[in-house]
Ligand SMILES: C[S@@+](CC[C@H](N)C(=O)[O-])C[C@H]1O[C@@H](n2cnc3c(N)ncnc32)[C@H](O)[C@@H]1O
């Protein structure tokens, strides 16, 4: 077995007793010109071992240890083989003859719902926040690729600092699959009546997801410096808007403005679970103090005017 080669001087591995090991080591280290027998004689008496150089003694010890641990290594290899066999067996059983990967692929049913990250706020952000947004987008992309019901994912108004940062730090984005990355504004790509801007400041609360619609998430990391900007945008453009039904199901530590990736992931989770409460708790970090409400609130806890007190973002990457 090739695993765990002996330390240097492995040629000596088959040599069983210390005497001969010593010989091998000395053969190569003795540069004094003394013949082999003289050296061997010298090594045979224990007091001579003491006259060996520090290096020679170290080598000798290592060799001895290597020999002593031979059985242990053999046993470990045997255990490893057995473990691997068991894992393969249980994988084969759980996929009832099919490969695990094939099974996952078969269960994926893409949703027709379009989910857009609107990147038109690029100029409002400092570079450090653009970098955070980039990370959040990477996370959305990865989650969508893994999802059971992936959405039709769009990045619109793509350009500026965000595009520069993607080019600099993640050139691979040009090869991303199952995503439409456009420099155009979403209003040039979608019918107005299909659009619903997701914004925590909307008085309308999302009840169901309509998979024929195009939902927009503001591509913004602003630490609430631009309060209500997406709500204002939706109103100005005359498009529908809605907030997630967070306040109905979740008691938060005064935070209702979520980060882009959390909104995105909640939508994915809802498409899978068809249950808002489950979707929220699958995505929102516990550390942010999200607790289930014992009974769903009849009216959202977070009314538009209350959003003034809850403008922090929740994100792992924040
Ligand atoms: C960090 S927030 C940006 C906050 C920004 N001040 C604003 O006015 O939208 C990122 C985006 O996530 C979406 N979002 C965050 N919390 C939301 C909620 N509770 N309901 C619906 N959408 C939400 C919005 O689209 C928002 O633009």
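Just so you know, glycine gets a Cβ as well, placed from its N, Cα and C.
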What range among 261-289, 290-318 does TrEMBL record as region 'Disordered'? 290-318
Sequence gap of 6 or more, C-beta under 8 Å: which same-chain residues meet both conditions with respect to residue 222 (active site, proton acceptor)? 121, 124, 125, 129, 229
In the compositional bias 'Basic residues' (73-86), how many residues does DSSP call helix, how many strand, and how many coil? 14 helix, 0 strand, 0 coil
If you run the three-state DSSP split on residue 222 (active site, proton acceptor), which class comes out? coil
What mean pLDDT score does the domain 'SAM-dependent MTase TRM10-type' (101-291) have in the model? 93
